[in-house]
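Colleague: Right, I'll just put the structure down here and ask away after.
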Amino acid sequence: MSKIKSYISSFRLRTLPLALSSILMGNFIAAYHHSYSWAVGILATVTTVLLQILSNVANDYGDAVSGADNVERIGPARMVASGKISLSEMKRTVIVFSALSLISGIALIAVGNLELLSLKAWGLLVLGFAAIAAAIKYTVGKNPYGYSGRGDIFVFLFFGLAGVLGTYFLHTGTIDPWLLLPASAVGLLSTGVLNLNNLRDIESDAKSGKHTLVVKNGSPWGKRYQTVLLVSALLFMVTYGLFQFVTLWQWLFLLAVPLIAKNLWVVFNNNEPYLLYPQLKKLAMTTFIMVLLFGVGLMI
């Protein structure tokens, strides 16, 4: 039973709301345009959950191998570093979730609004393989991109653009250029969560050779960067609303603005990295809440 609990802990289920935010955004907009498919919605959710768990277990494995998970690290215990799951066991877990993600992704493409074996279908399959590779290569391999300051762009792409645009495309078979705005907003907020993680772990990351953007540029820069990310996300959402909304209800997402502002205030008035840990969960949930409010506003 303790081993099962350790595996469940390694899945880090609390990260799922943020991962699902982009999928929900794509689902809501497709439904608003009367092009929603329940099969696509369900399988997109399942695939995203599997990919996020894959990313989490691969991260647990990779950081243990590199030494990034050490006694100085702030945050919840990692299963490999703590000895509760062996390296070989976690490696097998990574393989299992890679396979499950691939199977679910192929099923998702099969039920999408496009012809099988078409160029669009093959393009989505390539995107699926890229998502699996990105989930693993963040901390695993000879040159993990998370250790060289490239994690931010990958989070923006996969937690924002790919999630929203890909989901909408599977529902409709088309891409609306206007969706780049809300997709970018979700991607920027997700990048903000990663940046908070990097601000929190700046000392242990520097000692373990994990050269995040915050390690490279310093904590004051990271705080300014956080402002750019969150303010830009709100500007993208407001711009989308100005050109696309037709009712006041559709501005319901603005109720999340005070939560985002509070997050920035806490970040700027904090000089103790370990105190940032609660803000990761709060910003992740704020992003999820904003997307839910956005969806409710569209559906009313």
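Cβ from N, Cα, C; glycine included.
From TrEMBL, here are the annotated features:
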type	residues	note
TRANSMEM	12-30	transmembrane segment
TRANSMEM	36-54	transmembrane segment
TRANSMEM	94-114	transmembrane segment
TRANSMEM	120-140	transmembrane segment
TRANSMEM	152-171	transmembrane segment
TRANSMEM	225-243	transmembrane segment
TRANSMEM	249-268	transmembrane segment
TRANSMEM	280-299	transmembrane segment
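Please go over these features one by one and say how buried each is and what sits next to it.
Modeller: Long-range neighbours of the transmembrane segment (94-114) within the same chain, counting only residues 6 or more positions beyond its ends whose Cβ lies under 8 Å from a Cβ of the stretch, are 35, 37, 39-40, 43-44, 46-47, 50-51, 53-54, 57-58, 61, 120-121, 124-125, 128-129, 131-132, 135-136, 140, 169-173.
Same-chain residues lying 6 or more positions outside the transmembrane segment (120-140) and placing a CB less than 8 Å from one of its CB atoms are 47, 51-52, 54-55, 58-59, 61-63, 65-66, 68, 94, 98, 101-102, 105-106, 109, 112, 114, 146-147, 151, 154, 158, 162, 166, 169-170, 173.
Beyond the ends of the transmembrane segment (152-171), by six or more residues, the same chain brings 18-19, 21-23, 25-27, 29-30, 35-37, 40-41, 44, 48, 108-109, 111-114, 120, 124, 127, 131, 134, 138, 145, 179-180, 182-188, 190-191, 193-195, 213 to within a C-beta distance below 8 angstroms of the stretch.
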Colleague: Please tell me whether the transmembrane segment (280-299) and the transmembrane segment (12-30) touch - that is, whether there are at least 3 C-beta pairs under 8 Å between them, with each pair 6 or more apart in sequence.
Modeller: yes
Colleague: Please report, as numbers and ranges, the same-chain residues at least 6 past the borders of the transmembrane segment (249-268) whose CB is under 8 Å from any CB of it.
Modeller: 189, 192, 196, 199, 223, 226-227, 230, 233-234, 237, 241, 276, 279, 282-283, 286, 289-291, 293-294, 296-298, 300
Colleague: Using Cβ atoms and a strict cutoff of less than 8 Å, what residues sit near the transmembrane segment (225-243) while being 6 or more residues removed from its termini?
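Modeller: Same-chain residues near the transmembrane segment (225-243) but 6 or more away: 178, 181-182, 184-186, 188-189, 191-192, 195-196, 199, 213-214, 217, 250-251, 253, 257, 260, 263-264, 267-268, 290, 294.
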